[in-house]
Amino acid sequence: MDNNSVPPDIPINGSAGSSNRNIDNSEPIFHLRSRTAAASTPNYESLDYEVCENTLFQDEQRKRLTERFSLRKDIIRWIIFIQIGIITALIACTIDIIIEELSRRKYTFLYNSVKDNVPLSDASDRDLLIPYLYWLLFSIVPVAFGAAMVTYIEPITAGSGIPQVKSYLNGVKIPRIVRIKTLAVKAIGVITSVVGGLAGGKEGPMIHAGAVVAAGISQGKSTTFVKDFRIFKAFRDDHEKRDFVLGGGAAGVSAAFGAPIGGMLFSLEEAASFWNQNLIWRTLVASIISVFTLNIVLSAYHGLNDFTFTGLFNLGKFDTPLKFDYFELPIFMILGVTGGLLGAAWNSLNTKINKFRKRFIPWKIGKVLEAVVVAMMGVTLACLMIYFINDCRPLGNDPTNNPVQLFCEDNEYNAVAALWFQTPEATVRSLFHDPPGSHKILTLALFTVVYYVLSCATFGLNVSLGVFIPTALVGAAWGRLLAMLTYYVFPQAEFLHPGKYALIGAAANLGGVLRMTISLSVILMETTGVETSFFFPLIIALISAKWVGDYFNEGIYDTQIQVNHVPMLTWEPLPQYKGLKARDILSKPVVCIKLHDSANYIYQMLKKCDHNGFPVVDDVRGDRRSEGRVCGIILRSQLIVILLKSLYVENKRFWLPETSIQTFRDVYPRYPSIKSVRKLDEKINYTVDLSMFMNPSPIRVNPHDSVPRIFQIFRALGLRHLLVINNENRIAGIITRRDFIYK
């Protein structure tokens, strides 16, 4: 926990309550403070994005200036971002090729099964039982395998991973989010889920995969395999790692959609909490390298002579330029409002479903079975639609690689089966580019309702899947449907291009669910290759959807973060904090350490409390450290390393020449716990001098400063601890991110 104090009414070390402030020599203070938040709130840790500019760090900076090391470090940083782009793209290519091959074999087998078991001559004898059973089998097996891996091996890989990456970039430590085992389970889980036919896509998880790649490469070592390559040591801290993870997320988006500009903007709009100009350039380079690498590999795989295969989410190019008339702008706005309403309803329903499954399906086997049941439900609903809806279209304009003649005459194909006998991504492409008259109104209406429900039930299962594809698919379906209905009422309206309205519908639905605007419009433009003049209709639909959706609830990623009680710092403080002062939210008294303190005191304190930051004080009156004068701050991880390495004053001549900032980086990121420190025994009377280890310039505020102001300081600087001092520079309290959320 990041809290660092006790409530004044709790006895200390068996003494009477400290509310009378007559604290005798009973310090140290070892109790955790209470909170007004519910006791069930998860105990998340924060990341240390603030650079500890202690004496060791400053010595390193001076050494680099003399050795001209800064330029070399900048070059290495660029090399790492290029590596991130290449490796992320190669992982995306591997996932895409495996999914494409397995899906092609699956739907070809089902096509042949339908052909062999459904007689074409007698339409009354509609026997879909055997193909239905095969379809169930090809869905249950991969989904069950993927759900079991996620549930039993690495639960953090469930879902798209975007909320977790967003929380990490905000400064919240999400356990196991950037492990190599997480990447492996994520990749296999995505493949099995998409091949199993669940209503989801592979694009969202690519962002998580890019983040894992970035976190691993930038550290030059693997804690999973206990292998240190002894490179990139200068980047082993949370501050540097955060920037690389952001670049990895952007590279993942770019690989998924073939949109380098959109990937960079996505990181800026949706993921990043901290940003600077240099990071924009590095992130853009990682995105461009990712798209270029993926283009080369997939173009070679598909046998293309030129590099024209861009992105996993390949929606194809429109044959004719998409044009619009100005009288259509109100129509696009109405579509945006519709997308906002449907998106808000989807988010609300999905949140209720996830709360239900969290409460009533706590068992691991139950989570696996739930994924299997949803997969079976999807296959069953698809077969029922194919069986009962008679929608036959002439061959030649068929939108699927496996056109099924099911219950249709010769030279015809079943348009309902065409929607289901391919991956969701291919169905989106079909809805964008199918010629007018490719579907019945009833077909698209039922498909929209069915997939809306299926996608809502799927997102939140213990499988690795993204929400982008099903959301775009539902939007494309109802956008095309509205164009067909309008054309049915007004047959003279030649401007009603179904593909154009499918694209606007997809954008509106995505805006209603995700609440993104700029990056989403750029991604759709780069993915579909539409003209820049069509940016205006897209942005109108997206902004309308976002405004309408925001009136009811937040985007699905922010909603998931709230449901999981992640202490995420928003861009602005909560309304109830306006008008408050620092003294109203600070926590006190604070556990402090003297500048020259006993090793035994530090050891006992670390064993009996789990705070992560401790003010360093001097001018202590008696033994009342919590009333001392502030001269710095020291982290728990640093204190443990000091004890492990025996960095005491009494043996200073032995360790001083060999101690540097690298001494602390070598154990990053899995710092040892206090349990790994043996009892001091003969070193019980040794002393620790914190002057060279502590951060001598912690950020400090006055008790009279307003909460909105200190919130902006806290968030903008990426702080973990904010000291509150009085006019005499003595500690008055401490503020952590929990104080901005749970009080």
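Keep in mind that glycine also has a Cβ here, set from the backbone N, Cα and C atoms.
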Margin query: Please identify the range among 244-267, 532-555 that TrEMBL labels transmembrane segment.
Written below: 244-267
Check: Which of 132-153, 183-201, 324-347, 441-461, 468-490 has the most Cβ pairs closer than 8 Å to the transmembrane segment (78-99)?
Finding: 183-201
Checklist line | Overall pLDDT of the domain 'CBS' (694-743), taken as the mean | finding: 91
Note to self: So if I exclude everything within five residues of the ends of the transmembrane segment (244-267), which remaining residues of that chain have a CB under 8 angstroms from its CBs? That is, six or more out.
What the structure shows: 80-81, 84-85, 88-89, 92, 165, 168-169, 178, 202-204, 206-215, 217-218, 235, 279-280, 282-284, 286-291, 294-295, 310-314, 516, 518-520, 522-523, 525-527
Item checked: Surrounding residues of the transmembrane segment (183-201) on its own chain - C-beta under 8 Å, 6+ positions past either end -> 91, 94-95, 98-99, 102-103, 106, 135, 138-143, 145-147, 149-150, 153-154, 157, 161, 208-209, 212-213, 216, 313, 371, 374-375, 378-379, 423-425, 451, 454-455, 457-459, 461, 463-470, 473
Notebook entry, point to check: Can at least 3 Cβ pairs under 8 A be found between the transmembrane segment (324-347) and the transmembrane segment (468-490), with each pair 6 or more apart in sequence?
Noted result: yes
Notebook entry, point to check: Same-chain Cβ contacts of the transmembrane segment (279-304) under 8 Å, 6 or more residues past its ends?
Noted result: 77-78, 81-82, 84-86, 88-90, 92-93, 96-97, 210, 243, 246-248, 250-255, 258-261, 263-264, 267-268, 310-312
Check: For the domain 'CBS' (586-649), DSSP counts of helix, strand and coil?
Finding: 23 helix, 20 strand, 21 coil
